[in-house]
Amino acid sequence: MGNGVQESPGALTQGELRPVASSTGQAEGSKMGRNVLNTLLSGALAGAVAKTAVAPLDRTKIIFQGRGPRAPAAYRLIYHTYLSDGFLSLWRGNSATMVRVIPYAGIQFCSHEQYKRLLGGYCGSQGKALPPVPRFLAGSLAGTTAAMLTYPLDMVRARMAVTPKEMYSNILHVFVRISREEGLQTLYRGFTPTILGVIPYAGISFFTYETLKKVHADHTSRPHPNPAERLAFGACAGLLGQSASYPLDVVRRRMQTAGVTGHTYGSIAGTMRLIVREEGLVLGLYKGLSMNWVKGPIAVGISFTTFDLTQILWRQLQQRGFIQW
């Protein structure tokens, strides 16, 4: 009757279709959740491995940036620290670094993948390399997101790096003492130069790394670079990114460590003027840059490479059934 079309006995009614659609949506949601967790864990591991590898240079750089024009040469500072406090003192503050860098790197890499997906859908390049501007924007947004969510931990790390071990017994003690003696707002001192610095740093770093991988794929017969090439691409990314944002990194460290170095720094511009007036442009705002040209490329190269290889390993384990979730 009606339109003359009869339902077959096995036809699904509208009500019976809903569980299928719901099941499909749940599967997609579950897959996205697994991808987010994968990138979070891979990013956290990448950050931990990279920062631990360069921890002595990182601590020396923080001390170097926080001191005035009388700071000794970097290699002398490392040697003096080793003689006076022992070999393991070169990793002082690394526990605070891990508390910060694990969530920071996890959030940064995970949000970068999400921003790439969102911008790719907006630009119509889903599944392919982003155009240059969205490629830079994805990196900047990822770095900004991670910095905003983990900044107090960066403040604590800087304090532990420039103070004697008798001053702060552990990470919690730093939080308690700063809050009691200097106020909670001190935990966000230097926040603005951090955000202003992370925009070019993360943007240029991710942009350079992704661009080099794309150029490599376009000009070779191999779609993916090998680990040594990934290290080289990451080193270039770190070199360019950290060089572009370095003056703001110096300003950030000065403002973070002002409470224990006896200086008073207010605004970003005021801090820059004071540093330039007392120490000069190059010796002040670029203090420790040569060390950063050693530390930065190594750290970023290890970080990007570890993340990529961990993601590849994770996918292979899933395909072979070793990981079921």
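Cβ coordinates are placed from backbone N, Cα and C, and glycine is handled just like the others.
All TrEMBL annotations are machine predictions without curation.
Feature annotations, courtesy of TrEMBL:
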type	residues	note
REGION	1-30	region 'Disordered'
REPEAT	34-118	repeat 'Solcar'
REPEAT	130-215	repeat 'Solcar'
REPEAT	225-313	repeat 'Solcar'
Q) Which residue counts does DSSP yield for the repeat 'Solcar' (225-313) in the helix, strand and coil classes, in that order? A) 76 helix, 0 strand, 13 coil
Q: Would you mind splitting the repeat 'Solcar' (130-215) into helix, strand and coil residue counts from DSSP?
A: 73 helix, 0 strand, 13 coil
Q.
Need one number: mean pLDDT over the repeat 'Solcar' (130-215).
A. 89
